Amino acid sequence: MNALAATNRNFRHAARILGLDSKLERSLLIPFREIKVECTIPKDDGSLVSYVGFRVQHDNARGPMKGGIRYHPEVDLDEVNALAQLMTWKTAVADIPYGGAKGGIGCTPRELSKSELERLTRVFTQKIHDLIGIHTDVPAPDMGTNAQTMAWILDEYSKFHGHSPAVVTGKPIDLGGSLGREAATGRGVVFATEALLAEYGKSVKDLTFVIQGFGNVGSWAAKLIHERGGKIIAVSDITGAVKNPKGIDIPELLKHKETTNSLKDFPGGDAMDSSELLVHECDVLIPCALGGVLNRENAADVKAKFIIEAANHPTDPEADEILSKKGVIILPDIYANAGGVTVSYFEWVQNIQGFMWDEEKVNNELRRYMTKAFHNIKNMCKSNDCNLRMGAFTLGVNRVARATILRGWEA
């Protein structure tokens, strides 16, 4: 089942639990605006090449729309739609005053030079500059984009609208980026994990962890879990997988990855088959990479007691049912990985005030938001007698529906 179908299914289930009016339900599903633009740039060799760029703005009932821009060969409207909708519910779960959006350009960033990427980013910005804005739609980095991409968007946007640091988040610190933003998603995953484990009278330091994906999110989550005394017994990324039943020395693994760009040949552990990783014996499994990795083929063999969805949509609905029947507790993506967008919100607030916070304040506020959201989800679970995924979806959908009704959608 693709991401869009799964998100729609979760939304409809939540709408049924909440007893939403069917007209309102349809209205909430339809995106506010879909943008598709042609971006033609000269390559370094002088030839012209065209790419298609998208921006889907899903809902703005609770505030400006917010969401990443990805550069990836498989960017298509369906996927961007699903992710924009997911952002609407995610910002509502985290209780930050945004709606959802998502964008992307169908390209392979590895095959473009830095100057080609800059030209592409600037042309894309020229095409959408009048449709984004501080109080309209605030982009951020995603797969294949980074702080530098945001710096180019900011510069190009500012040529039309004057200096506007709050138009994008995830910027370099020197251009108004927030301290703590880089680690935010991984740190949020750890705060979410701590909140969940506390419900069961457990803590990070007593448990074993397996982490799939060692990019930004996975490596920060691993580092912070290791610092808190959690034992990480297996890690994987595209380059390979490594295990050590006594616990992997994460600072050493980070050094190894930095020098070799790979997890292969790490002296502090044994190589393992990447496909074995998800069904490895452990207490907590944290998928931090791609969607759909837990499916009906492998779900029955998962041995973890808790799954923390740091990736977007790592568990497909069939796996969800199998795992629930086994009694595995799944902390859903729309809550577990909301640390990134929460600190993006802090960055936006700092830019609008023209007053920057120190890193300690950023991290303390993030912990407060993640902990509060967890308790709100638990309350929805109790009042609607549902699992954590539906607790999070009903919480998010209910907040957006209430805002929509209060604004007068039928007039």
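Even glycines carry a Cβ here, placed using N, Cα and C.
The substrate binding site annotation in TrEMBL covers K66, K90, S344.
TrEMBL lists K102 with the feature active site, proton donor. In sequence order, R55, V56, H58, G67, G68, I69, R70, V80, N81, L83, A84, M87, D142 are the residues near K102 (active site, proton donor), counting only same-chain partners six or more apart with C-beta under 8 A.
Here TrEMBL flags D142 as site 'Important for catalysis'.
The annotation NAD(+) binding site is assigned in TrEMBL to T185, N216. Cβ neighbours of N216 (NAD(+) binding site) (same chain, under 8 Å, six or more residues apart in sequence): E182, T185, G186.
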Original post:
Taking the centroid of the Cβ atoms of K66, K90, S344 as the substrate site, which other residues of that chain lie with their Cβ within 8 Å of it, listed in sequence order?
Top reply: G67, M87, T91, A94, I96, Y98, G100, A140, A338, G340, V341, T342, Y345
Original post:
What are the non-local neighbours of S344 (substrate binding site), defined as same-chain residues 6+ apart in sequence with CB under 8 A from its CB?
Top reply: K66, V138, A140, T169, G170, S178, R181, A184
Original post:
By a simple count, how many Cβ atoms lie within 10 Å of the Cβ of T185 (NAD(+) binding site), its own Cβ left out?
Top reply: 24
Original post:
Which residues, sitting 6 or more apart from K90 (substrate binding site) on the same chain, put a CB under 8 Å from its CB?
Top reply: G100, I334, Y335, N337, A338, V341, G396
Original post:
Considering the recorded positions K66, D142, which residue's Cβ sits among the greatest number of other Cβ atoms within 10 Å?
Top reply: K66
